[in-house]
Amino acid sequence: MSRYGLQKLYINGAYTDSTSGDTFDAVNPANGECIAQLQAANAQDVDKAVAAAKQGQPVWAAMTAMERSRILRRAVDILRDRNDELAAIETADTGKPLSETRSVDIVTGADVLEYYAGLIPALEGQQIPLRGSAFVYTRREPLGVVAGIGAWNYPIQIALWKSAPALAAGNAMIFKPSEVTSLTALKLAEIYTEAGLPAGVFNVLTGSGDQVGQMLTEHPGIAKVSFTGGIASGKKVMANAAGSTLKDVTMELGGKSPLIIFADVDLDKAADIAMMANFYSSGQVCTNGTRVFVPQALQAAFEQKIVERVKRIHIGDPSDERVNFGPLVSFQHRDSVMRYIDSGKREGATLLIGGCSLTEGALAHGAYVAPTVFTHCRDDMQIVREEIFGPVMSILSYQSEEEVIRRANDTEYGLAAGVVTQDLNRAHRVIHQLQAGICWINTWGESAPEMPVGGYKHSGVGRENGISTLEHYTQIKSIQVELGSFNSVF
């Protein structure tokens, strides 16, 4: 029997058997063990979830703002009380170190839910005077039933990022987690129900993106889709959403982000920032700054500091709290990352450290890839142009500010960018010219609930987090009121 047993779908406030009974395995990438069997939803299950959501959403929307706020705050409290339990599940399902999942994944997700719970009473319309006897007022009304489709790298955090503003605005959500990492989304559904969310307001359908995800994007009963994933999948989501019922979409589609280091920096600080921008969560972060631009005069010294730090990484069993670098999320993804590493070698990049899968001792049965650093990279190399989503840093040298800005922007992506410098004028001057939606100066990676996150160009549509996201889960109704006489032309 697997550790977490059979996991059913979560529809209408309760665990529900799938129509087909088909299942798939959840695998711990640290050791290859099956930790759960998950039921796979089909079209009938999607219809059931939509019907449940349509029934529950008006009940939820009819509650006062303070009532909805209290229920979501209660869910925040439960999340924090169960932090360690949820972190252990997340670590087993994703391979992320327990030191990460305990301190980041549930914590930051709960923070976002608390943020939106506090904003609910502030969601309001306007009153617009027209003339003495007439005025217009507006209402922000929920969209109805919306869908969230998550990625595998931050399962519960993404589920909370998508559900928090949707629920706060009075919508119901059907959430499809990645089939690779589905367990904590189901636990979140339990928590919402325990907190008092009406049945049907948050449903979880497990299964493949090609099937369940497509059904959700095409379903006529769904008003909006929020998707996190790759560009190719995002294009399908947008096409399906537009081709069915002109659904609204929000999409975060990854990146190939530049981190620009200038010559005036403290090189130790710059190296620390580059390490976090590349190797946190084993490099499986959409905003990672994997194109590290360094002044040519500092390149050798910078490389030395990076190699020193890579050698200090503690790789191992992610359930060991001393470990800060675990396996990749799956064996399939490990193989994909290794193909990119092999490409870097073939195309002539200089390998400084790593460059291999790790198969010795306790790591033999896991999906481990060594932290890898290439230097003397060119802008046309595959490892520089394509999103790898793994622990692979590419170091590129440059000679002038104008040159590095041009090269940093020479990509179809535009999710994130960063600048490390002690010159405040230069920092803002350069950041303002970088084509990216999320930018950091002298830091990397933090995304507070108040901070809108999303990309330029092919990196996405719309934003998550921040006040504006809450508004995007509503539709504006305008009402004109006439207090005086009405004059007809007929």
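The backbone N, Cα and C atoms fix where each Cβ goes, glycine too.
The candidate list Gly125, Gly200, Gly254, Gly366 contains one residue that Swiss-Prot assigns to the NAD(+) site with Gly150, Ala151, Trp152, Lys176, Pro177, Ser178, Glu179, Gly230, Ile231, Ala232, Ser233, Cys286, Glu387, namely Gly254. Checking Cα-Cα distances from Glu252 (active site, proton acceptor) against the recorded positions (Trp152, Lys162, Glu179, Ile231, Leu246, Lys457) with a 10 Å cut-off leaves Ile231, in sequence order. All protein chains considered, the CB of Pro177 (NAD(+) binding site) has 28 other CB atoms within 10 Å. Of the listed binding-site residues, namely Val180, Leu246, the sparsest Cβ surroundings within 10 Å are found at Leu246. By the criterion of other Cβ atoms within 10 Å of the residue's own Cβ, the least surrounded of the recorded positions Asp248, Glu252, Glu464 is Asp248. Each of the recorded positions Ile231, Cys286 was ranked by the number of other C-beta atoms within 10 Å, and first place falls to Cys286.
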